[in-house]
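Q: According to TrEMBL, the feature active site, nucleophile maps to B:151. The annotation active site is assigned in TrEMBL to B:320, B:353. The feature substrate binding site is assigned by TrEMBL to B:221, B:354. Per TrEMBL, site 'Important for acyl-CoA specificity' is recorded for B:322.
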């Protein structure tokens, strides 16, 4: 089991406009993507990995010029890893609207020549999946062995199974939900308000002012980050430990940093505000809020999933309070009602929502076993 | 059972400095308070009600000139109510640092003649209790029949039992905790960062700039408010209902309001930012973070509560995820270890942390029964 080594992102331009769910369209756009492993002769071993809020096409490996630039799911994807690149051809693609290379709000709007800013059209999970499908077309992949994602990435995998049922044999949805709850939306809206009311946001046109709404992004990230961690995990990692516990056992009695948890969260917020785009953050949180495939079916998830043909692996984590196991079980129940083949793993892990990104032998073992099964299928086909 | 009717706040000035836990002192200060009912001859029927973050001395009744100004615990305190003002003499007192009348950051700093702003000293729960004790001295109340509070108010009641053990016969602690968790502190720090980074905060000296850090306060309140409501309650009240559901069944595809929950939270945030003081918000969240009576005893809550002499009613609510029942049970266990008399009620209520302020027959019934018992004690004494 080794790392995938050095990887190089690629870019593909699409001149045909992408019609969006909102009625708007994206005139033309570029998608940045990476691939790992080799596509087999009958093109049956391709796996698409969909990214969540804070990630990109850079799923695994490192960039030659940046040794620390390890992909966000490097523990999942690689030679001998659960999604084994010795057997599978894996694609990571950056969604439009992102700030990691694909066309986004910081790029020039062809209509004005200036950066899109807040004029960049709002995209939905379904729009992203449509864009991903076009990339698959260009790469000559008619059907994926699997489409896989965690959190927002899981929503994309689920959307693939609903909207392109013949184009995937397996759908792997981890730490996700069929729709956001009122509480989920509420946290997203706090984050949005923090950004929108930052004077440096300039109605989304901060690029031309040479500033970035850092404070808003920082607060947005801080509140988001709290929801990614479990209460217990935070208690264990930080508890009430004072930041300078070695030097003092007393409170500072000012509005600086007293507790380690404050220091950690502010640091995470600051770091995030230095590399993430505010318009992208707004746009992605709206895509999260809008995802609700049952909505077109009067709220009936079973009906929404009736079009699916794939087999499913659904996984959740006991301490995830952002998208709790209960939300995954809703998906499982609706699939079972449709008599789909579903494997469900509810993993007892302490790390909350973030668990889907972390090392956990039971979790990675489940995914590995599932991919072993998929590999046997196309090994059988090939034989 | 009726309302307490019209009430009038009173003010008492204290010329002696209040020494604070931080080492600083409050040179002189005024406390605003209200009383309901009549003090009996042997002064044995006095109850002190301590307020939480967003409340004041105005516990019950209404102001003559403001018919909508109903006290924050009017369902709890009044003639024939659980805390029956026909039997008890009830005191509500506004803590120093607040923005509802007692000396606070918006008042003149005697050292400069300008508003204190961020120079107002940070107060702890213990400091508030010391200030309350001085008020009790002036009112000639050597011992309260009970000291009572919910949430941050419950911390004050607990602190009374520890630091002035002979001055209360009963201690009533509702929806509270012996200390904040890392997650609690994290949410408070998000709120503080939102305020501190608002350019209109001006380092706390916004008074002289004629502005208010409204945006920061709004975001702070929004995130706080989410933690006061239960996930289930929010789902039931708001779910994913669109704000203009009568007019449209489609999303807006912009950063305005889509969902009812967004509208509700922003409204709550806006309203709050119009009447609450930013420095007070900062100060009170720090008092919450700092409260940890076990800290002086190596983290041993049993030792911290060894000094108590009161009898206790501890109550919690099943869906309160801010200060969950588990936190109340820590208090109960430490009291039981000290062989104190404790009544514990864990109330199955849907409304999260806010439940302590709401109508709930089982909850109000428990408090009523407990006060009936207290009243029998001093009725017995009097007989």
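The backbone N, Cα and C atoms fix where each Cβ goes, glycine too.
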Q: Select the closest residue to residue B:320 (active site) from the following recorded positions, measuring between CA atoms: B:151, B:221, B:353, B:354.
A: B:353
Q: Please give me the CB contact count at 10 A for residue B:221 (substrate binding site), counting all chains in the structure.
A: 25
Q: Can you give me the Cα-Cα distance between residue B:322 (site 'Important for acyl-CoA specificity') and residue B:354 (substrate binding site) in Å, rounded to a whole number?
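A: Cα-Cα, rounded: 10 Å.
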Q: Taking every protein chain in this structure into account, which of the recorded positions B:320, B:354 has the most other Cβ atoms within 10 Å of its Cβ?
A: B:320
Q: Just to be sure I understand: of B:221, B:353, B:354, which recorded positions have a C-alpha no more than 10 angstroms from the C-alpha of residue B:151 (active site, nucleophile)?
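A: The recorded positions passing the 10 Å Cα test are B:353, B:354.
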Q: Count the Cβ atoms, other than its own, that fall within 10 Å of the Cβ of residue B:151 (active site, nucleophile), considering every protein chain shown.
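A: Its Cβ shell of radius 10 Å holds 27 other Cβ atoms.
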Q: Compute the C-alpha separation of residue B:353 (active site) from residue B:221 (substrate binding site), stating it in Å without decimals.
A: 15
